[in-house]
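A short write-up of the structure that comes next.
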Amino acid sequence: MIARTSITSLLTRSAFVACLSAMAFGVAKAQPVRGLYVAGAAGASFNQSQTVNPHTKLFAHGRDDFATGITGLGSIGWGLGDGFRVELEGNYRNNRLSRFHSPGFSSTAHGHQQKYGGMANALFDMDIGQNWIYPYFGAGIGYGSQFTNTRILGTGADKGYKQRTRDSAGGFAYQGIFGLSLPVPWVVGLSTTMEYRFYTITGHHRHYTTASYNIANPESGPVSGKRGSRTDFNHSLMLGLRYEFNPAPPPPAQKPTFSSAPAPTPVRTYLVFFDWDRDNLSDRARAIVETAARSSTSAQFTRIQVNGHTDSSAAHPGSKKAAAYNMALSLRRAQAVKAELIRDGVPAGVIDVHGFGDSKPLVSTRPGKAEAQNRRVEIDLQ
């Protein structure tokens, strides 16, 4: 009873820890098994009581009861990529005989029963829409061998009776499987598994047995014969690992999307040129201003910069007087262009006027040099 409780408690705690680990690292995306894989599992084996029906009347009829034991298996398989997979499995189970129960016969029981099997399984992995878990179920058929090595010793009125069974019997075996697979996020292709299996070896299993005397005739002396058992039903709870050699590639990580900043509004520039020391507009200059005005209304422009300039010559020589005079002249030229823009239908509120004198020449010259390309107003549509 203590062994059964401790093993069951261990399995419960291990399953709980496995679930928490999978959910904590749920970034690993579950995928159907594809291609070659190997798996292994171990856990607790629970044998149901087996009915004892001796082949002869030499031995007592009754029931064998077993304590919780151990089980383990290994398998190699192939996933078809659509949820179905097939595998070959080898398994082992070991349960201790805890009691032989027979009406009117008192005894103690010792020994164990071992099972070995080879199975061919077909399974299906269910996609339930969760990226951290895959339930699966399946069934298998194969051959199982039951090796029994037990002793039954009479007690009380039956003291002195000794029965020894040491023999193997086998037959057709089948099993049902239900499990959960939990991908391990830090190892691609590796999953932890939690499984329940129902396993049985069919038929009536007869094992060679010797006894100190015929149970029905204590005076008969040593006897031997076949002791039969049936209802060999086993339940197993297991934890394991499965590794896929060709796992489906994870879906590509989504690249973060960034909203790109709107492209800056292009600046369109028009140049209006002036005669030396003049701020009035020629016919050619008015035509350019009119073109700029039409462009400002046909496109999305929010501001119009009107910047006046002069060359480095001056009608009033002298460095200080020349600089001040050219600054004022550049501003008058800009104001003249602004007035023409307004006459051409541009709102005055969108026009900014600046004068730069001779500080920003279009063509570099020596000081005091007259240059027609520097006597200008720039209209920038922004």
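Placed from the backbone N, Cα and C atoms, the Cβ positions cover glycine too.
Over in TrEMBL, the protein carries these features:
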SIGNAL    1-30  signal peptide
DOMAIN    261-382  domain 'OmpA-like'
REGION    361-382  region 'Disordered'
COMPBIAS  368-382  compositional bias 'Basic and acidic residues'
- Note on the structure: Tertiary contacts of the region 'Disordered' (361-382), defined by C-beta under 8 angstroms and 6+ residue spacing from its ends, are 265, 267-276, 288-289, 292, 295-296, 299, 301-314, 317, 333-334, 336-337, 341
- On the DSSP side of things, how many residues of the compositional bias 'Basic and acidic residues' (368-382) fall into helix, strand and coil, could you say? 3 helix, 6 strand, 6 coil
